[in-house]
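Participant: Pasting in a structure now, in structure tokens, and then I'll have a few things to ask.
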């Protein structure tokens with residue numbers, strides 16, 4: 001496809017995650033875009049708090065999906081918001097199912113974790129070098 005098409009598709013998979021976050025936590029997904037050491041693009045060092053651990057586990061989950069031959073970051077899938085939970089039971093496609101499960105679990109994890117504003121826009125260099133295994 002064209003350059004623009006690829007960019008749009010790339011954002012698409014992230015839109016599902018954003019929707020799941022809003023559905024489950026009631027918070028803006030932007031609250032988690034650059035938080036701690038793992039929320040947002042990339043990730044290194046030791047997670048700062050429970051929210052950051054949610055992001056770490058989400059990264060690991062996407063990693064497992066990628067190992068299974070999927071592209072969770074760009075995977076678009078159908079889901080519904082029911083009782084503050086992202087529901088994607090009707091999915092047949094293995095990759096869509098995996099992406100949805102990762103996003104659903106992350107959103108659920110966020111909803112149970114206290115949010116600390118001080119970790120928003122946390123600088124990478126304060127994350128250190130030692131990192132947990134998935």
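Placed from the backbone N, Cα and C atoms, the Cβ positions cover glycine too.
The structure displayed is predicted, hence computed values, not measured ones.
Feature table excerpt (TrEMBL):
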type	residues	note
DOMAIN	13-128	domain 'Phospholipase A2-like central'
DISULFID	37-127	disulfide bond
BINDING	38, 40, 42, 59	Ca(2+) binding site
DISULFID	39-55	disulfide bond
DISULFID	54-109	disulfide bond
ACT_SITE	58	active site
DISULFID	61-102	disulfide bond
DISULFID	70-95	disulfide bond
DISULFID	88-100	disulfide bond
ACT_SITE	103	active site
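Neighbours and distances for these, please.
Facilitator: Neighbour list (residue 127 (disulfide bond), Cβ cut-off 8 Å, at least 6 residues apart, same chain): 36, 37, 44, 45, 46, 48.
Cβ neighbour count for residue 59 (Ca(2+) binding site) (all protein chains, 10 Å cutoff from its Cβ): 16.
Cβ neighbours of residue 39 (disulfide bond) (same chain, under 8 Å, six or more residues apart in sequence): 32, 33, 51, 52, 54, 55.
The secondary structure of residue 54 (disulfide bond), as reduced to three states from DSSP, is helical.
Within the same chain, residues at least six positions away from residue 58 (active site) with a Cβ under 8 Å of its Cβ are 38, 102, 103, 105, 106, 109.
In this structure, residue 61 (disulfide bond) is part of a helix by DSSP. If you take the C-beta of residue 61 (disulfide bond) and look for same-chain residues 6 or more apart in sequence within under 8 angstroms, you find 72, 98, 101, 102, 105, 106.
In the three-state DSSP scheme, residue 95 (disulfide bond) falls into the helix class.
Proximity of residue 100 (disulfide bond) to non-local residues of its own chain (separation of 6 or more, Cβ distance below 8 Å) is seen for 16, 77, 79, 86, 88, 91, given in sequence order. In the three-state DSSP reading, residue 100 (disulfide bond) counts as helix.
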Participant: Using DSSP, how many residues in the domain 'Phospholipase A2-like central' (13-128) fall into helix, strand and coil?
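Facilitator: In the domain 'Phospholipase A2-like central' (13-128), the DSSP-based counts are 60 helix, 9 strand, 47 coil.
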Participant: Sequence gap of 6 or more, Cβ distance under 8 Å: name the residues on the same chain that satisfy this around residue 95 (disulfide bond), in order along the sequence.
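Facilitator: Non-local contacts for residue 95 (disulfide bond): 65, 68, 69, 70, 71, 72, 75.
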Participant: Select one residue from 40, 42: among these binding-site residues, choose the one with the most other Cβ atoms within 10 Å of its Cβ.
Facilitator: 40
